Each structure stands twice: as C-alpha cells, then as structure tokens.
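Quick look at what TrEMBL lists:
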type	residues	note
BINDING	63, 67	Zn(2+) binding site
TRANSMEM	20-41	transmembrane segment
C-alpha cells in the first residue's frame, strides 16, 4: 500500500502516530493469528475447555478474541489515518 506524502508528514510532525500505526497493525495481526489457531486446533481446544474451569475456557475462545482484537486494531488504524 502506498502512503501519501501527507501520511509521512503527519508522522514527522507527530512522531507518536507511528507507534499508533504499528500498535494497530500488531493488534490486528494478533487477532488474525488467534483466529487461525482456533481454526486449526478447534477440536483440541473444545476438549481442553471441557476439562478446565469455565473462566479458563472462556479465555480460550480465540474466535471471540479475533472479533475483539480486529475491531480494536481497526479502530486504532482509523485514529491513525
């Protein structure tokens, strides 16, 4: 994706924006990674959730984390842009 000169100027004038851009990308990619883990290990994760306390089972719902993290990453990217 090409960046315009105004994007470059904004990160030069406001250097903290560069960190926001990297943070938004990192959070989005983490959500994407968790979603793929959930797809690949779906059966194993289901069996694991049956054996552990509910609070741990909830935190291993990686498809839900995908929704949360990609939403947050997208929101931060909107702020960055």
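Glycine too: its Cβ is placed from the backbone N, Cα and C atoms.
Automatic prediction, not curation, is the source of TrEMBL annotations.
Keep in mind the model is a prediction, meaning the values are calculated, not measured.
Within the same chain, residues at least six positions away from residue 67 (Zn(2+) binding site) with a Cβ under 8 Å of its Cβ are 31. Counting only same-chain residues six or more apart in sequence, the Cβ atoms lying under 8 angstroms from the Cβ of residue 63 (Zn(2+) binding site) belong to 35, 38.
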